[in-house]
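This report refers to the structure that appears directly beneath it.
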Amino acid sequence: MAIQRPKGTQDHLPDGSPKLGLDTRAAAFQFIRETARRVLERAGAQQIDTPIFEDAEVIKRGVGGSTDIVRKEMFTVYYFGDHGGFILRPEATAGVVRAYLQNGLKQLPAPLKLWLHGPMFRAENVQKGRLRQFHQVDYEVLGSTDPLVDAETISLLVDVVRALGLKQVKVKLGSIGDPEDREAYNAYLRDLFTPHVDRLSDDGRARLERNPMRILDGKAPGDQELIAELGVKPMLAFLGEAARAHFEQVRAHLDAWDVAYDIDPSIVRGLDYYRRTAWELHHEGVGAKSALCGGGRYDGLAQELGSKDPVPGIGWAFGMERLLLAMEADGVVIPESDGPLLYVAALDDSNVGYAATVAMTARQVARTEFAYKAMKPGNVFRDAERRRARFVALIGSDEVEQDTLTVKNLATGQQTTVPTRDLLAFLKGQLALTPTPLENA
Ligand code: HAM
């Protein structure tokens, strides 16, 4: 068998491909990116792009040494003369904050809203909705601790998923407090779990040592049983005064805007940089365990990356593949991409070059394709239909001599004779009558 793609990766394919799923359709990814761009840029976000690999320190210090990502899931980059000092990015936030610091983006008006889309890499156990290369849309706001920013950030996420047509989504909102609140909570969990350490899984034990809070997020069924048995108090019960007041204000803004959410008192995110507001977006059709989106505030991250001054930040990211599974479950239909407006073909070999010239001129106005070989009329129409063309221009010697084109509308069968010099005006007229998304772009 020919060489296969690596496990946990997917090809994104053109429409018409056999075995096409929504989550492997290139046009579906394009639809998500463009929808997100429209909603986020209307709110003042600008696109940023950062490298797909970063210095290992950015990822290790940014994402945090107690996380599964850093402990077990990093793709290390080796190349000649280097010994693994770089990591394929498992997420975007650490790289964005690194870029903010390195490029002096503090000079820009605050709060600075940034967004990006692109591939992320985690060496996970592969299952449905859990890939090794997946794609995120990521949104970050830097330079403000204002709870109004938290609420706006969550509200924008809801706007994006609604614009994508999702219905059964739920925001689960919590707060993981300030570092001292988290320390108090971790101390409480350490005291609670230590007497039962032998009942914890290996993973649970490692978590108890490094960051007890992460036990709550563990997947081993035995650990979950123990958690239920011990009646563990949630993180929210440990919020200090400042974090609690901040959280109340975030909620008040969301309530005022009618942004629906459920309080999840025990929310534990899988990355170390979070502080205060944290949330996930879940979808009933995709299963409770896997979030479509995760986000939160990360006011200490810039300092972890070596900044002298704190740079408060907050943001979220969703996985496009998971979102597509949810869209499929909600019956969202993403329209087929358009075929060409015009398909040009020559009836004789001597006119193929002329047909190509006509087609290339028509591209000033709309998508146009041409036949690379002379064809009989019946074959031209069959070919044009397969390509989903709207109009066909057949070129024979008469057309070349008279400088005219016979243009046929494939839907109605109507034929129009168009002087060649008027072709662009004719096509513009057709577009104005029935614009298509591609040609309107
Ligand atoms: P995260 O929760 O690790 O957060 O990932 C966000 C989303 O990426 C998940 O909800 C999921 O949809 C998708 N995702 C994660 N891992 C996989 C995978 N292996 N396969 C498919 N999809 C996956 C972050 O990445 C943070 N950087 C979010 C953030 C931005 N927080 C603040 N700013």
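The backbone N, Cα and C atoms fix where each Cβ goes, glycine too.
TrEMBL names Glu91, Ala92, Thr93, Gln136, Glu140, Arg269, Tyr273, Tyr274 for binding L-histidine. Of Arg122, Arg251, the residue it gives for the same site is Arg122.
For Gln136 (L-histidine binding site), the count of additional Cβ atoms within 10 Å of its Cβ stands at 23 [all protein chains shown]. In sequence order, Ile176, Gly296, Arg297, Tyr298 make up the list of same-chain residues 6 or more apart from Tyr274 (L-histidine binding site) whose Cβ falls under 8 Å from its Cβ. Cβ-based neighbour count (10 Å, all protein chains) for Thr93 (L-histidine binding site) stands at 25. Within 10 Å of the C-beta atom of Glu91 (L-histidine binding site) sit 21 other C-beta atoms, taking all shown protein chains into account. Annotation for Arg269 (L-histidine binding site): same-chain Cβ neighbours under 8 Å, separated by at least 6 residues, are Ile176, Ala278, Glu280, Gly294, Gly296.
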